[in-house]
Amino acid sequence: MATKFPSFSQGLAQDPTTRRIWYGIATAHDFESHDGMTEEKLYQKLFSTHFGHLAIIGLWVSGNLFHIAWQGNFEQWVADPLHVRPIAHAIWDPHFGQGAIDAFTQAGASSPVNIAYSGLYHWFYTIGMTTNAELYQGSIFMMILSAWALFAGWLHLQPKFRPSLAWFKNAESRLNHHLAVLFGFSSIAWTGHLVHVAIPESRGQHVGWDNFLNVMPHPAGLGPFFTGNWGVYAQNPDTMGQVFGSAEGSGTAILTFLGGFHPQTEALWLTDIAHHHLAIGVIFVIAGHMYRTNFGIGHSIREILEAHNPPQGTPGDLGAGHKGLYDTINNSLHFQLGLALASLGVVTSLVAQHMYAMPSYAFIAKDYTTQAALYTHHQYIAIFLMCGAFAHGAIFFIRDYDPEANKDNVLARMLEHKEAIISHLSWVSLFLGFHTLGLYVHNDVVVAFGTPEKQILVEPVFAQFVQAASGKAIYGFDVLLANTGGVAANANAAYMGGWMDAINGVRGSNDLFLPIGPGDFLVHHAIALGLHTTTLILVKGALDARGSKLMPDKKDFGYSFPCDGPGRGGTCDISAWDAFYLAVFWALNTVGWVTFYWHWKHLAIWQGNVAQFNESSTYLMGWFRDYLWLNSSQLINGYNPFGSNNLAVWAWMFLFGHLVWATGFMFLISWRGYWQELIETIVWAHQRTPLANLVGWRDKPVALSIVQARVVGLAHFTIGYILTYAAFLIASTSGKFG
């Protein structure tokens, strides 16, 4: 007899109810809880999954390259990137009538296609690809890379090739390897690609497999490098009149510090980007030699942490500092994952911001729908990564934290004064919430009653001052870079002339620091409310994960438990998992405000109508009417009794997203008993219905647990929310700008 699922838990495999299936899925990735799991086996399994992850990323890139080459219009787009719409892939759908076929036969295609809003065309073009053949070659290369990664993952699970636990616990060697080899070398290698391939292509000089060994990336060759005369590589940069992809206006510089944007592409200068990656690479290679391994040179992280404690007799006694942290972190995968997720979350949000404020890909700044899609995509990813960071921080406290090993150090002291931390976050959230909502509601009421001049409009003077210090001239603050005769401004003009043009939007619409006013002030504080409330829930979940005054023994119940039975009142909804669950709702709420703000402000700029945002964003009805309702109008006319247009698929997705979202509430509002009764009734009916009763099942059907129903509800709420806004965002932007 075959082993029943899940093979990793014999206890679950013998469960006679459908609980076996759902708990099996829920715990499939909780390797720590699996039968016969040792610490060494755990590390080896995780190590192998990294290669699987890399393979999936490689296949994703390969698939995109392949479909763009096969079904896209890359070569036509390269010839005229501002007027040709890039094609993602062909659509074949048996449901399409002639009207839909005509509507989706777009962008010069001969059959229905989807338009690409991923920015991949801009990326491929910027890094030096210009033909379909190159896309196919790239696709095959990524496929081979994925196969290699899958093989590596399999290999490292074989007995002879499994790394030992000691190898995984060698933090210094791993850090050096990641810093110097993975970050450092790959950054320098990328500089090499930019200098040898992308920059020549941008100047009309093709570099391919056929000629890359005999095309000099710089006329002076390596001479200046070996003689220390590096400035030669920055001389003779591209001119302001350079035509991207041609020799017209091109220079010979390969590593520059021009600042600002290429006037035609409105993207950062490729030679600036190459310089940036070279500098980053060199710094990381140096950083990768900092930590002491078996060579006996460099710093010991353990010694650094042990030394980081306050001098004895310090007023207020600051405790044992960082003592004990080395082993605490090195022995806890959840702690390490929490740190990694938090770092990646911040970086992803930064990517969202930088991709529009300082675009690095040629012409992407003019593809407004792509800009909106990429910003929204990266901010959504950032909130999930941040929520995950706190979730694993809480699991660390429950499963891995050792009070003895961390006596009186910074971790222990965080737990000891958690009430102060949580209550301060609570106070900040309440303050932001009441004041921001108060201002919005006041403004809404006075506008409704016909006296808009009575609105309370606060100029964000401090933020404007910061913008002025960075060179924004519009506000008239005579400070730092905005002080035209000052030392800072003169130095900036000498060293990075393009910066002031970029910051003040001199050329084109690419404005680094957008002008801000009372509408921005209000929505900034609404977003701050969302961020602080999300943080409050997440921080409270982690700090209370081991126990609280209400439930001192909470850690004994694990990460996710519904309640401690009926006899102990008030223990529902207080597991660390519940905090994560509640925080995701707030995180989604917040990212909604962030993306609404970004999108509306940019729609107003792109349409040349900034007054609409400035005047309507100071009261609630302005947001509902002039952002949400006004921008839904084209979308919901994607199909009607008179036919359909190329927004029809987004209009349908908009409705479908609402449906998925609303389904979530069915799981969130009705609890387990309701479903159990319903299931028992359905089973009764099934067994008494001819033909149907010929089909039975081995597992007794039972309702989902409370925690499972919540996660199913949360998943529907989240996915529906994302589908709805994605359809709205893409349709409302592409409907206006083509």
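Yeah, the Cβs are placed from backbone N, Cα and C, and that goes for glycine too.
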Given 464-482, 521-539, which one carries Swiss-Prot's transmembrane segment label?
-> 521-539
Would you call the transmembrane segment (175-199) and the transmembrane segment (135-158) in contact, using three or more Cβ pairs under 8 Å, pairs 6 or more apart in sequence?
-> no
So of Y674, W675, which of the binding-site residues has the fewest other Cβ atoms within 10 Å around its own Cβ?
-> Y674
What parts of the chain pack near the transmembrane segment (711-731), using Cβ distances under 8 Å and only residues at least 6 beyond its ends?
-> 26, 117, 369, 372-373, 376, 380, 581, 584-585, 588, 592, 595, 599, 631-632, 634-635, 638, 647, 650-651, 653-654, 656-668, 704
Please work out whether the transmembrane segment (135-158) lies in contact with the transmembrane segment (46-69), by counting C-beta pairs under 8 angstroms that are 6 or more apart in sequence and asking whether there are at least 3.
-> yes
With the transmembrane segment (372-398) as the reference, find which of 273-291, 333-356, 420-442, 647-669 contributes the most Cβ pairs under 8 Å.
-> 333-356
Integer Cα-Cα distance in angstrom, M666 (chlorophyll a B3 binding site) to C563 ([4Fe-4S] cluster binding site) | 21
Once DSSP output is merged into helix, strand and coil, C572 ([4Fe-4S] cluster binding site) belongs to coil
In the structure shown, with every protein chain counted, which of the binding-site residues C563, C572, M666 has the densest set of Cβ atoms within 10 angstroms of its Cβ?
-> C563
Could you give the residue numbers and ranges of same-chain residues that sit at least 6 residues beyond the transmembrane segment (420-442) on either side and whose C-beta is under 8 angstroms from one of its C-beta atoms?
-> 414, 455-456, 458, 522, 525-526, 528-529, 532-533, 535-536, 539-540, 543-544, 618-620
